[in-house]
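**Q** OK, TrEMBL features for this one:
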COMPBIAS  8-22  compositional bias 'Low complexity'
DOMAIN    70-130  domain 'MAGE'
REGION    1-59  region 'Disordered'
REGION    346-379  region 'Disordered'
Amino acid sequence: MAPRTYTRSQRPSQSQSQPRQSQRGHKSRIESDEEEEDQNYNGGNDMDVDEDEGGSGSNATYLTIQFQEISRKANQLVRLALFNENRRGPLRRDDISKKVMGGNARIFNRVFEQANATLKKTFGMELVELPSKASLEEEATGTVEDAELEEARKAVGGKKKATTVGSKQYIIRSILDPGLLDYASLMHESILNQEAEDLPSDDDDDDSGIRSYGSIFSWSTCDQLEAYGVLTVILSLILVSGKVMSDADLRNALKHLYLNNSSQIRFTALSTTRTMPLDRFLDSLMRQGYIDQQIVGEAKKKGGPGKRARQADDDTGVQYEWRWGPRAHSEFGEQGIAQFIAETMVSENQDDDDEEEGSSRGQRRRQEQAMSNLEKMLKGVQKAAGGILSDLK
């Protein structure tokens, strides 16, 4: 029997005979692609496309474990940062990698963000990276013309050449509102009475040095006030000297404040060191990153900054100069120190004027005059600094 033949119109086409198979294959490919994307997002786990339910459960478990791991490492970073801050030294990224990350550097940013969120919510502090010395020197050598060129570049939509500003060193600083800090520094009668009851009697032999201030802040047990005050004065002197001050000029200015080379900087009784000579105190400020000493003149070509605070050597002709360190820029800021200088100068003049109380109109006039004097003083500080004052870095 001859084989049955078909005409072209009668022969079944491939598209007509396998519509269902084509649809099933297309759907399978889509599901396979989606599953592959899910695997790549969740760490590249090898899972069968057919095992949908088991794969979803594995992904959820993996995400839960990862979240717990990030939270645990974030808490470790918070403890490490607080402990390191007690030593007043910067926290290095290498130390974070060794003691917290455990070699898993890919999750550093997420751990850092979560640790910072904990610090802000619980302690009112934040962990910030210090600027590098190279970036500070680059900014110090900039001119007003550079700022004008930058404004022109922004106007035309140009991009500034990227520079490395990070130092991979971190510190903790307060983010509490200045108004809250001012209120916590005021004297409250109820607190003063309570402190008076808690203070030891005159018969007790107590060498703790704790005094009654009547404020929310306990100044007797907080940071070293005298050392902190001397640091603020040193930063102020450097700022109004054009942001650079020779060692001889700094020491002469400190002598006018009765701080010579043999002077002792006192610390509270809670400190392990009760007193510290001026040179050693300057060394500690250098180690902590608040100030930086550099060699100037011809000797600068032969060597870098000294490891210890040194005075000018008449025999060798080596001269030293002082600048702000990275920590001063991140913790104080040039605008903050300028505000401190202006408020101090204006408040002294205002205290002299307020000896005699006047009418409400007179008080309002004095307040307006004080604000005007403050603005003038800020402009004077900026002029003495020799340029635009930067904010916290």
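Each residue, glycine too, has its Cβ placed from N, Cα and C.
Nobody curates TrEMBL annotations by hand; they come from automatic prediction.
Note that the structure is a prediction, hence the values are computed from the model and not measured.
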**Q** DSSP on the domain 'MAGE' (70-130): how many residues come out helix, how many strand, how many coil?
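**A** Tallied per class, the domain 'MAGE' (70-130) gives 45 helix, 8 strand, 8 coil.
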**Q** Please work out the mean pLDDT for the residues of the domain 'MAGE' (70-130).
**A** 93
